[in-house]
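Student: Structure below; questions to follow.
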Amino acid sequence: MSSTSATAPPAPIPAPDPASWRLPLRRGPYLTGTAGPDRLIGLDAARGLALFGMAAVHVGITSCGLNTLPGWLNLAHGRSAVLFAIIAGFSLGIMSGRKTPHAGERLVRTRLRILVRAVLLMAVAGALITFATGVAIILGYYAAWFAAALPVLHWRARRLLIAAAATAVVGPLVLKVLPLAMARGDLEPWPSVSDGSEALLGLFVTGVYPGAVWMSFIFLGMGLARMGISGTGRLARLAAIGVLCALLGYGGAYVLTRAAGAEEPDAFHLIVPMSRAASVVGSDMRPEPEAERAVAVETPSCGDGEAISASSEWPVLLSAKPHTNSFFEVVGSGGVAVTVIALLQLLASAGAWARWSLAPLAAMGSMSLTIYSAHIVAIWAFDLMSAQTNRPLMTMMGILAAFAMAWLAVFARGPMEHVMHVISLRATRAPSSPPSPA
């Protein structure tokens, strides 16, 4: 009696658990992470440029004029944070379905994941603020903006862009009028007791990055994600629209602040002699030394402007200076950000050589939470706020870029990004049901 033995097919290799704590190894082309060929390298590079710009604002030496490196670094004031915020909105658009918004149960899961990420971002911000560097930590504001965007995750591009425009118009007026109205009603816009209950007002009205205005950047980024930024023609048109918005925002402010008789009207300083260059050192939150303040009085105004508040003069609403939070700043800086995103994505699509030229920025941008947190720790550990040259800035960012490039040569996701990814997945997926009794 003979028997034939059939060879059993090999057991399929189980797919890795996406919620595993084990860091995923890089499997595809460099810098594509877990997204594969759909990864937007140019967008990552723009995010990396925003990180560099914020670091320059925090610890760099900047001045008026574009005839020096400090003059170029001065362009980062305000604009780098705006670029970072628009890309954050773009990320929300990607998470919620890109061109086709999630719906039904999937939309609910997406909202839960984003809410968990917002809580984690707030926790990271709370940890970073304890280093007392003097830097205004933007991550806590991100958390609030992410939560505020949850109701509109299913919106399509047109509604999101309309919301961005409406917020840009109404938001600055809210910053000016709401505190005045509260004060007239015997309410306190700036509570004297700090017990955490004032957080909502600070995050959306009275803080450094008030959501009443900055949500316009979140809506804009989400709208861009819904539209898509693929294709040379579309990117070229997007860059042209960005340039037009920048000209309207900054040009309009230049004309109107003069017409309104502003004490310090908006101005452009393309070339300023070194002897007249006013330095702006460190973060927006740190008081200037007396010597620097004295120099600034006699030199062209550069750096940040006066933020719109209940006590600011009405002409501030017409300024486009960094961190004024005016309509003109939103249009101007938003236009610059859109142009940067479009041009870098165009460059990334030009070929392998172009992608490699963007690798240092793209590597940092693809693990932005890790790099942002690391640069805050570095400022604290090495007392970079007291730097008198830009060498510490360049050294810090060079080291962080090299670390990011080396890390992503091995792993597909940054360390802090992976922790956030795993926690948000585990917190929002249903536990496995126990087997039913026979």
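One-based numbering along the chain as shown.
Glycine is treated like the rest: Cβ placed from N, Cα and C.
Heads up, TrEMBL stuff is auto-annotated, nobody curated it.
As annotated in TrEMBL:
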- 1-20: region 'Disordered' (REGION)
- 49-69: transmembrane segment (TRANSMEM)
- 75-94: transmembrane segment (TRANSMEM)
- 114-131: transmembrane segment (TRANSMEM)
- 137-153: transmembrane segment (TRANSMEM)
- 160-179: transmembrane segment (TRANSMEM)
- 199-223: transmembrane segment (TRANSMEM)
- 235-256: transmembrane segment (TRANSMEM)
- 327-347: transmembrane segment (TRANSMEM)
- 328-423: domain 'DUF418' (DOMAIN)
- 359-381: transmembrane segment (TRANSMEM)
- 393-412: transmembrane segment (TRANSMEM)
Student: Pairs 6 or more apart in sequence, C-beta under 8 angstroms, 3 or more of them: is that satisfied by the transmembrane segment (393-412) and the transmembrane segment (327-347)?
Tutor: no
Student: Are the transmembrane segment (114-131) and the transmembrane segment (49-69) close enough to be called in contact, which here means at least 3 C-beta pairs under 8 A that are separated by 6 or more residues?
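Tutor: No, the stretches stay apart by this measure.
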Student: Looking only at the recorded stretches 49-69, 75-94, 199-223, 327-347, 359-381, which one has the largest tally of CB-CB distances under 8 Å to the transmembrane segment (137-153)?
Tutor: 199-223
Student: Counting Cβ pairs under 8 Å to the transmembrane segment (199-223), which of 49-69, 75-94, 359-381 comes out on top?
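Tutor: When the Cβ pairs under 8 Å are tallied, 75-94 comes out ahead.
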Student: How about long-range neighbours of the transmembrane segment (359-381): same chain, 6 or more residues beyond its ends, C-beta under 8 Å?
Tutor: 30-31, 33, 39, 41-52, 54-55, 58-59, 84, 121, 124, 128, 131-133, 135, 137, 139, 348, 396-397, 400-405, 407-408, 413-417, 420
Student: Per DSSP, what is the residue count of the domain 'DUF418' (328-423) in each of helix, strand and coil?
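Tutor: Grouping H, G, I as helix and E, B as strand yields 81 helix, 1 strand, 14 coil.
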